[in-house]
Amino acid sequence: MIAAAASMSALGLGLGYLLGAAARKFHVETPPIVEEIAKILPGTNCGACGFPGCNGLAEAMAEGNAPVTACTPGGRDVALALAEIVTVEAGADAGPIAEIEPMVAFVFEDHCTGCQKCFKRCPTDAIVGGAKQIHTVVMDACIGCDACIEVCPTEAIVSRVKPKTLKTWYWDKPQPGLVAASAETAA
């Protein structure tokens, strides 16, 4: 018994040392811009952008192969933050950032069979429900990646515009020329 425990411990320590040495030897340095972009992205790795996770999108943006608006779950705020980094440091053209309406999944409960394929596929656990029971989406947790829509066998899930609440609604900042012109006409 003691010999088995000692041999397993020695084997574990030896393999751990080999893994640590291999990690140091084969370490690949990532550019700092990729790390900056990855910090801004939501980190849900949903794949809605078409890249394998948020790090894949960050690498593509750093190389100039992906637009700053590729991350749909991040929305307008993430696109604006990425535009500042990518255009200044990578020299990529950000282009105009269109107003992206945040989307959420919606389940038609009369079509849902409770197969749980959407439940298993959701990266943020925004879908609730049990086996052979009707599922529903928690709108505050849904990021709009559409991963659940792809796997639904009965097409009971659709993507809808997220309803505006006091948390999500905002006014655009007024343009400086318009404010000055309206002040002059008022006087």
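Each residue, glycine too, has its Cβ placed from N, Cα and C.
Record note: Swiss-Prot gives Cys46, Cys49, Cys54 as [4Fe-4S] cluster 1-binding, and the candidate from Cys71, Cys112 in that site is Cys71. Taking Cβ-Cβ distances under 8 Å and a sequence gap of 6 or more within the same chain, the neighbours of Cys71 ([4Fe-4S] cluster 1 binding site) are Leu41, Pro42, Ala48, Cys49, Cys54, Leu57, Val78, Ala79, Leu82. Taken residue by residue with DSSP, Cys148 ([4Fe-4S] cluster 3 binding site) is part of a helix. The Cβ of Cys46 ([4Fe-4S] cluster 1 binding site) has 21 other Cβ atoms within 10 Å, all protein chains considered.
Here the Cα atom of Cys142 ([4Fe-4S] cluster 3 binding site) is found 16 Å from that of Cys152 ([4Fe-4S] cluster 2 binding site).
Using a 10 Å radius centred on the Cβ of Cys118 ([4Fe-4S] cluster 2 binding site) and all shown protein chains, the other Cβ atoms total 24.
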